[in-house]
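Listed in TrEMBL:
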- 14-150: domain 'TiaS-like TCKD' (DOMAIN)
- 152-263: domain 'TiaS FLD' (DOMAIN)
- 281-349: domain 'OB' (DOMAIN)
- 362-394: domain 'TiaS C-terminal zinc ribbon' (DOMAIN)
Amino acid sequence: MNDVDMNSDLYNIYVGMDDTDSASGMCTTYICSVIMDRLKACGFRVDGPPRLIRLNPFAPHKTRGNGAVSFKLVLKSEEDVEIAKNLILKMVNELAVMEDPKTNPGVVFYEGEVTFELQDYALRTIRTIVTQEEAEKLAEKVGAEIFKFKKGRGIIGSLAAIGCPLTDATYELLAYRDPANYGAKRRVDPESVLEMNQETYPDTFDNVDDGYMAITPHTPCPVLYGIRGETEEAVVKAHEMVKVSEPIESFRVFLTNQHTDLHLQKIDAISIMKQFQCYIVQGTVKTQPVVIEGGHVIFTLEDESGGVECAAYEPTKEFRDVVRNLAPGDQVEVYGGIGNKGTLNVEKIKIMDLTPLYEYLNPLCKCGKRMKSAGKGKGYKCPQCGNKIREDSEKNGEVKEINKVKERREIERRIKTGFYEVPPSARRHLSKPLVRG
Ligand code: ATP
């Protein structure tokens with residue numbers, strides 16, 4: 001059944017696409033952008049910006065950032081609908097990296113309102129692992145048309161890109177390279193990026209990491225750079241400030257669920273956690289964090305229901321210093337996902353309460369000098385006046401234990417309560433930076 005706008009006799013068609021690229025090249029956003037240009041050149045109307053929807057960061061078949069795209073076409077006749085659909089399918093077939101066995105494109109067309117069921121499916125695709133069978137069944141139920149190239153796994157993401165609710169959203173402007181330069185070093189002026197950041201932050205963010213520009217990817221894909229921000233105006237203004245010494249073929253602004261924490265599920269028991277899902281969970285630090293080979297920092301978080309190993313991996317750089325300084329007893333809220341080793345990969349942490357830590361000093365002598373150990377189990381001796389004190393020395397009739405004889409002093413903690421996050425270079429696309437509040 002066609003969704004015809006009765007007032008204007010227009011056909012609203014949502015188009016979703018995914019799994020068109022490969023690790024060796026191409027990008028689903030670029031294919032989407034080229035197709036949109038062609039549709040517009042044919043006189044078809046694309047309503048609003050296209051959407052770049054990031055899905056579960058732990059999905060097993062992802063190439064890189066697990067992104068899918070969608071856009072809305074507003075067409076005048078059934079004939080236009082047929083022409084537009086055929087054009088889209090033909091272009092996906094031409095532009096997708098079909099020769100890569102891991103590339104399995106899927107395209108979905110949907111005419112109608114985005115229902116609660118579609119939204120719920122999209123959230124499950126962002127937060128859990130779904131099956132292709134599930135996506136196909138839902139498509140059939142809601143009357144969405146699916147087109148599978150090869151195995152067609154991309155329909156999972158395509159349907160989610162159409163259904164994803166965006167109560168919170170950001171924008172990303174993607175500038176695309178001249179194809180002649182694919183694979184070559186990106187020629188973007190870092191100074192201009194630092195200036196752009198000074199001018200536009202925090203309306204744009206994640207432009208700079210530790211003083212270095214962070215807008216250029218490191219893959220051979222068509223993207224020259226991406227600028228992320230709060231509004232379309234902000235990312236366009238920032239783009240106009242970036243200087244490059246290679247041609248920009250085109251650019252496109254996407255509305256996106258990036259940096260919204262949409263992947264995180266707030267739970268109240270560690271035992272509920274499942275592999276390949278992302279959570280916000282509170283607990284107590286159980287073990288002293290340790291640095292393991294490779295520079296990763298590991299600790300155990302526990303609550304009444306159980307415990308989970310948490311990790312701040314090496315790429316999270318100085319964030320590890322915060323984690324390393326946690327201590328057993330600290331109360332924290334951890335944001336992150338369970339990877340394939342069952343470890344919670346920490347993206348952000350809120351330190352809610354720091355437990356007091358103490359050090360124990362040798363007792364002070366009555367002469368004022370700090371005493372020295374007289375040997376294991378032998379108590380203390382003053383190096384100045386020679387006064388001795390036994391570990392179990394009696395004072396006022398009480399036998400003192402060693403820690404009672406010793407002087408207890410509170411150690412100043414090196415961290416404070418509050419929020420801490422990984423640096424931009426280690427941030428997941430979906431992770432909400434603290435600057436976004
Ligand atoms: P890029 O970011 O470079 O566009 P990618 O990382 O998005 O690439 P894809 O090539 O799109 O990777 O492959 C991801 C595949 O996993 C797609 O076929 C998509 O439909 C599927 N997929 C995405 N999310 C899930 C999920 N939650 N459960 C199962 N499959 C998923």
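Quick reminder: no glycine exception, Cβ is built from N, Cα and C everywhere.
Curation does not apply to TrEMBL; its annotations are automatic.
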Structural state census, the domain 'TiaS FLD' (152-263) (DSSP three-state): 33 helix, 32 strand, 47 coil
Checked against DSSP, the composition of the domain 'OB' (281-349) is 9 helix, 37 strand, 23 coil
Could you give me the DSSP helix, strand and coil counts for the domain 'TiaS C-terminal zinc ribbon' (362-394)? 0 helix, 9 strand, 24 coil
Structural state census, the domain 'TiaS-like TCKD' (14-150) (DSSP three-state): 55 helix, 36 strand, 46 coil
